[in-house]
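Student: This is the structure I have questions about; it appears just below.
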Amino acid sequence: MSSSITDEKISGEQQQPAGRKLYYNTSTFAEPPLVDGEGNPINYEPEVYNPDHEKLYHNPSLPAQSIQDTRDDELLERVYSQDQGVEYEEDEEDKPNLSAASIKSYALTRFTSLLHIHEFSWENVNPIPELRKMTWQNWNYFFMGYFAWLSAAWAFFCVSVSVAPLAELYDRPTKDITWGLGLVLFVRSAGAVIFGLWTDKSSRKWPYITCLFLFVIAQLCTPWCDTYEKFLGVRWITGIAMGGIYGCASATAIEDAPVKARSFLSGLFFSAYAMGFIFAIIFYRAFGYFRDDGWKILFWFSIFLPILLIFWRLLWPETKYFTKVLKARKLILSDAVKANGGEPLPKANFKQKMVSMKRTVQKYWLLFAYLVVLLVGPNYLTHASQDLLPTMLRAQLGLSKDAVTVIVVVTNIGAICGGMIFGQFMEVTGRRLGLLIACTMGGCFTYPAFMLRSEKAILGAGFMLYFCVFGVWGILPIHLAELAPADARALVAGLSYQLGNLASAAASTIETQLADRYPLERDASGAVIKEDYAKVMAILTGSVFIFTFACVFVGHEKFHRDLSSPVMKKYINQVEEYEADGLSISDIVEQKTECASVKMIDSNVSKTYEEHIETV
């Protein structure tokens, strides 16, 4: 085992005197201490705590507030993020056990496991104290991400509110125009994979800018598409951008924020989707006052926000957290090379990556299958209840443009409130019970929202319906992250979400086709001229609420599972310590490389990068 250049705290019988740094190693040679730019050895003194965890000494090179914030975050990851100290270290329950006894025990505990109400604490539920800790830079990055997701939703719902003029322009039935909505959802998975890999590996900034540039192109070109085929091609670009923007926008918005504030900020961030719908319907109505083709101006006007965001993002560097991640990766790689006897690590080829992915799927196939099925329901909920709402209000109920605008705005305000309130409410109920409550309430409001067919009923019941739909989404992201296994969280959680989204891509097209089976009026030739969209939306939305309820009930949860990566946390702490001492990470890596070039007597067996990570 190679020695470590990084600072080591000595526990047990060995004690380190204050003001001294003790280097030790387990190999056959000693490594030199780290030095600063002038060649002077660094005398780094770590923080020391007594058994009661009272701080006896802190590094004077770090500001007091910074030290306290770091300590708070570490305690939060270990204590606040654990419910009564429950940890899931081995994750044995992620591996399927299909014995009869295991299945029986699991089935009998589906109801009783819901009865545990977690301890109520205003400190856990009230986000205001933590929001006050947000700096202006934190808010700057948050709104940069928030408005990027809003612009994506705005671009998507521009088609939803313009179905009627688009159908007239291309002389196509409504179901063909709604296929443009479905196409966006179909190709979102491709965008998520392409830009997700780029975002995780290299940058948050440039994928963000690229996706926004694609939105500008798509929104600018859509009104100029003179054929239906060109229209679909342009919406295909929108789908790629929409799939890619979510990951980099959410990371930009959340990852630098205080840890305790992230739950509330996550719910607020997702509400940008509903706000995008509000922007689309308001400006559609506003431009419709002046011109019959006001929908074209809506598309062109919507590009101002992504253009503004592109210039805004160009002015700011990568987030602080991601900058530390990039530096930590350099340290991880240098330590892995050192552990490999100084030899460069071989890169895994495509076949080896596929074999690794196959092993992961074989290990977690049951959990993965459950998560895919679970995600189908909420994705259908969103699109089945929202995408055709303006069409139903205009074409079936014959409401005025002003009434349609008011209803869409009010119901989406309900969606915004639901996401934030349920996001905090689940801290008391837990994930599953919170989801079941949202599904039950939503099912109760489905019939009056769609079937009473009056403006007042839609305003009241519709507000509560979308309150519950987005209440589901206020809980689901963290529930999904907690269920996914630690060693395959990105693969299992990300792929299951995208497959669930893919399954729901045709929701609006299915609704328009089913509406033809429930005609309200026919012309002299027997052709349907007025469809019952409300009945179809009520049937599909109610069915999906029941489906989602069943999936959540038979599932399980890992409330407040620790989502942090111990390896990355360790190396990020090293980055912070080195930079606090005025060291360059590049210099640290160079020194590690020089030390790794020294031949060790016991270096006959080389380590892989994965084995090094396991050792850490």
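Cβ from N, Cα, C; glycine included.
Copied straight from Swiss-Prot:
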type	residues	note
MOD_RES	S2	N-acetylserine
MOD_RES	S4	phosphoserine
MOD_RES	S11	phosphoserine
MOD_RES	S61	phosphoserine
MOD_RES	S66	phosphoserine
MOD_RES	S584	phosphoserine
MOD_RES	S603	phosphoserine
MOD_RES	S606	phosphoserine
REGION	1-65	region 'Disordered'
TOPO_DOM	162-176	topological domain 'Extracellular'
TOPO_DOM	227-230	topological domain 'Extracellular'
TOPO_DOM	285-296	topological domain 'Extracellular'
TOPO_DOM	385-402	topological domain 'Extracellular'
TOPO_DOM	454-457	topological domain 'Extracellular'
TOPO_DOM	511-535	topological domain 'Extracellular'
TRANSMEM	141-161	transmembrane segment
TRANSMEM	177-197	transmembrane segment
TRANSMEM	206-226	transmembrane segment
TRANSMEM	231-251	transmembrane segment
TRANSMEM	264-284	transmembrane segment
TRANSMEM	297-317	transmembrane segment
TRANSMEM	364-384	transmembrane segment
TRANSMEM	403-423	transmembrane segment
TRANSMEM	433-453	transmembrane segment
TRANSMEM	458-478	transmembrane segment
TRANSMEM	490-510	transmembrane segment
TRANSMEM	536-556	transmembrane segment
Student: Determine which recorded stretch among 177-197, 297-317, 536-556 has the most C-beta pairs below 8 angstroms with the transmembrane segment (141-161).
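Tutor: Against the transmembrane segment (141-161), the leading stretch is 297-317.
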Student: Mind checking how the topological domain 'Extracellular' (227-230) divides into helix, strand and coil residues in DSSP?
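Tutor: Per-class counts: 3 helix, 0 strand, 1 coil.
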Student: Report, as a single number, how many Cβ atoms besides its own are within 10 Å of the Cβ of S584 (phosphoserine).
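Tutor: The answer is 13 other Cβ atoms.
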Student: Under 8 Å, at least three CB pairs between the transmembrane segment (403-423) and the transmembrane segment (297-317) (pairs 6 or more apart)?
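Tutor: They are not in contact.
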Student: Sort the residues of the topological domain 'Extracellular' (511-535) into helix, strand and coil with DSSP and give the three counts.
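Tutor: Summed over the topological domain 'Extracellular' (511-535), the classes give 8 helix, 8 strand, 9 coil.
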Student: Apart from its near flanks, which chain residues at least 6 from the ends of the transmembrane segment (458-478) lie with a Cβ under 8 angstroms of it?
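Tutor: For the transmembrane segment (458-478), the sequence-distant neighbours (Cβ-Cβ under 8 Å, at least 6 residues beyond its ends) are 263, 266-267, 270-271, 274, 375, 378, 381-382, 385-386, 393, 406-407, 410-423, 426, 431, 434-435, 438-439, 441-442, 445-446, 448-450, 452, 541, 548.
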Student: Taking the transmembrane segment (297-317) as reference, which of 206-226, 364-384, 433-453, 536-556 has the most Cβ pairs under 8 angstroms?
Tutor: 206-226
Student: Below 8 Å between Cβ atoms, which of the listed ranges 177-197, 433-453, 490-510 makes the most pairs with the transmembrane segment (364-384)?
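Tutor: Answer is 490-510, with the largest number of Cβ pairs below 8 Å.
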Student: With the transmembrane segment (177-197) as the reference, which stretch in 206-226, 433-453, 490-510 has the largest tally of C-beta pairs below 8 Å?
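Tutor: Ranking 206-226, 433-453, 490-510 by Cβ pairs under 8 Å to the transmembrane segment (177-197) puts 490-510 first.
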Student: On the DSSP side of things, how many residues of the topological domain 'Extracellular' (454-457) fall into helix, strand and coil, could you say?
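Tutor: Tallied per class, the topological domain 'Extracellular' (454-457) gives 3 helix, 0 strand, 1 coil.
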Student: Restricting to the same chain and to residues at least six past its boundaries, which positions have a Cβ under 8 Å from a Cβ of the topological domain 'Extracellular' (162-176)?
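Tutor: Counting only partners 6 or more residues beyond its ends, the topological domain 'Extracellular' (162-176) has Cβ contacts under 8 Å with 227-228, 231, 284, 293, 295, 298-299, 388, 390-391, 394-395, 509, 512-513, 516.
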Student: In the same chain, which residue numbers or ranges, 6 or more beyond the ends of the topological domain 'Extracellular' (385-402), come under 8 angstroms Cβ to Cβ?
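Tutor: Same-chain contacts beyond the flanks: 160-161, 163-164, 174, 178, 181, 277, 281, 285, 288, 408, 411, 450, 453, 455, 458, 465-466, 469, 507-508, 511-512, 520, 530-534, 537, 541.
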